[in-house]
Amino acid sequence: MAKKKTSNTSRKNNQKSNFRNRLSKLSNWERVGGILSIGLFFFALYLLISLISFLLSGGADQSQLSLTAREILTNPNLKIDNVGGKWGATMADWFINRGIGLASFGVVYLLFIMAVKLGRIHKVSLSRNFGFGIFLIIWSSVALGYFMAPLYEQSYLYPGGAYGFFVSQWFNSVIGNVGTFFLLMATMLICIIIAFENAWPVMRKWMSRPKKQPATDTTLSDEEVYNTPKAPVINEKDDSFAKVVKEDDEVEVVYADDNNKEEIELELEPEFDDISPKKKAEDKKDDGPKDPELEVEKRVEDDVVASIQQDVLEDYDPTLDLSRYEFPALDLLKEWSTGNPQVTNEELIANKNRIVETLKNYNIEIVKIKATSGPTITLYEIVPAPGIRISKIKNLEDDIALSLAALGIRIIAPIPGKGTVGIEVPNRKPEIVSMRSIIASRTFQESEFELPIALGKTISNETYAVDLTKMPHILVAGATGQGKSVGLNAIITSLLYKKHPSQLKFVFVDPKKVELNLYSVIEKHFLAKMPGDDDPIITDVQKVKNTLSSLNMEMDDRYDLLKKAHARNIKEYNQKFISRRLNPEKGFRYLPYIVVIIDEFADLIMTAGKEIELPIARIAQLARAVGIHMIIATQRPSINIITGVIKANFPARIAFRVASMVDSRTILDSPGANQLIGKGDMLVSTGSSLTRVQCAFVDTPEVESIVHFIGEQPGYPTAFLLPEYIDGNSDEPGAVDLKNRDDLFDEAAKLVVMNQTGSTSAIQRKFSIGYNRAGRIMDQLEAAGIVGPNEGSKARQVLLQDEYSLEQLLNNL
Ligand SMILES: Nc1ncnc2c1ncn2[C@@H]1O[C@H](COP(=O)(O)OP(=O)(O)OP(=O)(O)O)[C@@H](O)[C@H]1O
């Protein structure tokens, strides 16, 4: 035991000493690195100061610096202004004027980087920094030599150094000025593309945006164009340059075209004696790679960013998917009205006389009477003599009706805001207000409403158009045969004439199954439905419930989107989306308006009651801001249908003729609808005002031609899909009724047997149906003994081996 213990402790001691050794070796290296780092850092700093000082005092030191390095360093009488002293001045001169010009600062940068790396002060990529750094140094030296050539003769400072000038001149002689310029540009761009991953896609976009380019492009290229001519003009400089240079020794370098070249060469070469041949060789090597200058990089980057912003600001066009969509033409609508006034002067005068006489019989004097005739009604505005009680005239409604022998007389006493009493008298020959004239009207065409609805004409023959987004939901009621369906068609038609399929979707609920069925043709353009629903027009009460729940989900989704986008309503949100301020990759999408139209609302309430009423009320309360609007219609305006909840949430109401004043009150909270004359004569209440309007007439064949015109155009692949609503109650396991098999049951069975995998998602994909429906089919397949039970994430086992046994099974079902 004791032995074991001692051997263990000695092993541990050995390990410890090994570790210490390694640690000390490691720390020795670190120390060396630290020493080198500090040495390099101070050298780099010294060089930097000397270089900066050279820029300031190089002119004064110039005469001394033309001596050889040995002379400068050994001669004690030489006075040098450079802060770095003789050594600093010589180095700076060597780096800047005789070397690589201002690109020398790049060398300082690299020295600093090396110091940082050696001292492990910060993580830096040596290869990247050196790779691009050396490119940049060489490139900028040559570029400065090329672009700043005129400065060489005017200043003691050679911006690109002798190297830059020499190389650029050599290029000039070989490929000409233009060639050198292109070479510099090309190498710079290539370097940018190598350095920045997304540089090329951005450049490509920038180049393919003809509209945006001019602004950014011209500014850039102008600068370049200005720079380029200066560089190649060497003749003038050469003379003066030669003067400086003449003092120096001769070395032969061959320049292509200029007469003064020799002089230039002479000046350059003495100090370059041994360097120039090497540089020549380097040039050739360096030709290939591209080395942009730091500043230039930044500049290009800035340009690039600017162009991205411009891209980003370019508006998204929601209509782009169906960019060739043609709006329905006016010709599809018929002209029903003759255009001639239907009310004759005789009729007007006769009516006026009867009104005056009747009122006279009750001792009511009239000061003034004025007639305004509309398409079906003429309004007689009377100003009673002073002292006459207005309520007295109001009570004479029946008497006036009797004397005029006309139905549908309504007295408005007083007309709000006018101080007159109005008597509405039906025209003997009512005029049909054709939808065509309403759609073509300036009021409608020039309206800037989000969801414009042209309802008809007012009593003064003006087009009556409203914005559904302002209503924001409409309750339509009226006895049967009074124009309700025509009214709904007029509403839908006016929206179809103004909106693109990308901007608007309808959800149609039609328990009667016939009224709205004709709109199924535009399923792929304008309709919204739940995934897996075959028929886009909802007729079944259960489906109505699911659809309303789905709409509630869509509404909640939209609210989330609005919240994330910091938008208060759909208009603001869509504006932000269009101006590309919302990223689709973060779940944002363009939101079309959704208009839910429910015909025969009474039928639904009778069968489903609160289950229908509450989701409708919820949508009506909340959905306005997210662009979901409802229009519900009923021919039974009783209080158990139009309940307090519904009324509270549908401030805009349209009443066609009803049988009793009670019904009128139920709809409008006031009498009047019982005095209408039918055939599209209606009262529109927008909460604050009540307007009598003759509804525009649109016939079923007209609607058919409009929907066919739209339906024949290419549409979206499917209807707009609402969120899938999973009804917890209907999916009871084991309650599969094989007598009511899904229409796709047989085909799905074949698919499953052929593939020998019972996968719900495969059924969903193959038949483009929702997950719910595919799941139901799979349950039916299980009940029929075609697939085994659910095995969690695994596909179900297929119990039939071939199609023959499947066929037998299907025949027996
Ligand atoms: N705006 C109108 N201008 C002229 N005639 C109209 C207008 N609206 C309706 N009519 C006439 O009234 C008839 C019945 O209209 P509509 O079918 O719209 O009634 P409804 O209220 O929908 O009836 P129901 O409730 O039974 O469906 C139409 O066939 C048409 O002749």
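Each Cβ is built from the backbone N, Cα and C atoms, and glycine gets one as well.
These features come from TrEMBL:
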type	residues	note
BINDING	Gly478, Ala479, Thr480, Gly481, Gln482, Gly483, Lys484, Ser485	ATP binding site
COMPBIAS	275-296	compositional bias 'Basic and acidic residues'
DOMAIN	461-665	domain 'FtsK'
REGION	266-296	region 'Disordered'
TRANSMEM	32-56	transmembrane segment
TRANSMEM	95-118	transmembrane segment
TRANSMEM	130-149	transmembrane segment
TRANSMEM	169-196	transmembrane segment
Most Cβ neighbours within 10 Å, among the binding-site residues Gly478, Gly481, Gly483, goes to Gly478
By a 10 Å Cβ neighbour count, the lowest-scoring of the binding-site residues Thr480, Gln482, Ser485 is Thr480
Taking Ala479, Gln482, Gly483, Ser485 as the binding-site residues, the residues having C-beta under 6 A from ligand 1 are Gln482, Gly483, Ser485
Top stretch by Cβ pairs under 8 Å to the transmembrane segment (169-196) (candidates 32-56, 95-118, 130-149) is 130-149
Cβ atoms other than its own within 10 Å of the Cβ of Lys484 (ATP binding site), all chains, total 26
For Ala479 (ATP binding site), the nonlocal same-chain Cβ neighbours (under 8 Å, six or more residues apart) come out as Gln635, Phe656, Arg657, Val658, Ala659, Asp663
Counting only residues outside Gly478, Ala479, Thr480, Gly481, Gln482, Gly483, Lys484, Ser485 in the same chain, those with C-beta within 8 angstroms of the ATP site's C-beta centroid are Gln635, Phe656, Arg657, Gly678
Across the domain 'FtsK' (461-665), the model's average pLDDT, rounded to a whole number, is 90
